[in-house]
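Written below as structure tokens is the structure these notes are about.
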Amino acid sequence: MRLKIGIIGAMAQEVEILRNLMVEAKVIEIAGCKIYDGKINNTQVALLQSGIGKVAAAVGTALLLELTKPDVIINTGSAGGLDANLNVGDIVISTEVRHHDADVTAFGYEKGQLPANPAAFLPNEQLVSVALKETQTAGFNAVSGLICSGDVFVNGAEKIAQIRQDFPNVAAVEMEAAAIAQVCHAFNVPFVVVRAISDVADKESHLSFDEFLPLAAKNSSEIVVAMLNNFA
């Protein structure tokens, strides 16, 4: 099936490999975002470098959807691993996405749920299946599960313990996916999150992140490129 694929990464390092693979790319710079609209391996692709954090990701995702009209969204990049089976370089694939820093439980909502939105944003099952298949084919260790987002870099035992208490099944944490998922939900556009682990979230995760971000970017980009071949 020929689809146009929207790909979103927060940082330049997370989209650089994909950007270098693009041909016939038109560049759109708007509101602090960079959008590259072209092709990778004969697949129509719109690649967004959104900037870091949920607001930047939401702004960028909405602009990407409006300006380039992709059929589906893949969120790529790095994440902090909380699942015991995840190590640096491994792949995490979303089965659900939630905000970990939203709290309107005083009004009867679930932790992480925002009014007029579901508690969890569910990715497209076909996209999840394609991601799992390509990860297995590439030989990466992968975990599929809950990815939680917040406007905080998670390191330190206290933060980790709080997130695990609120979301016992959390596999990984990062800073954009829930915002991207929420915008996709609003626009009724299918999505999936496919990220590689740059750090195992602990008190030294900020040091690990700097060291292993290039590996995470490489591995997550490899899976995204493999996924594209399913839609050419």
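Placement of Cβ uses the backbone N, Cα and C atoms for every residue, glycine included.
Pulled from Swiss-Prot:
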ACT_SITE  Glu14  active site, proton acceptor
BINDING   Gly80, Val154, Met175, Glu176  substrate binding site
ACT_SITE  Asp199  active site, proton donor
Give the residue from the active-site residues Glu14, Asp199 that has the most other Cβ atoms within 10 Å of its Cβ, counting over every protein chain displayed.
Glu14
Cα-Cα separation of Glu14 (active site, proton acceptor) and Glu176 (substrate binding site), in Å?
13
Near Asp199 (active site, proton donor) in space, meaning Cα within 10 angstroms, which of the binding-site residues do we find among Gly80, Met175, Glu176?
Gly80
Quick one: what's DSSP say for Val154 (substrate binding site), helix, strand or coil?
coil
Cβ distance under 8 Å to Glu176 (substrate binding site), same chain, sequence separation 6 or more: which residues?
Ile8, Ala10, Ser50, Ile52, Gly53, Lys54, Ala56, Ala57, Asn75, Gly77, Ser149
Relative to the mean position of the Cβ atoms of Gly80, Val154, Met175, Glu176, the recorded substrate site, which additional same-chain residues have Cβ within 8 Å?
Ala79, Ser149, Gly150, Val152, Phe153, Val173, Glu174
Would you mind listing, in sequence order, the residues at least six apart from Met175 (substrate binding site) in the same chain with a Cβ closer than 8 Å to its Cβ?
Ala10, Ile52, Gly53, Lys54, Ala57, Ser149, Gly150, Asp151, Val152, Phe153
Near the Cβ of Gly80 (substrate binding site), how many other Cβ atoms are there if near means within 10 Å?
27
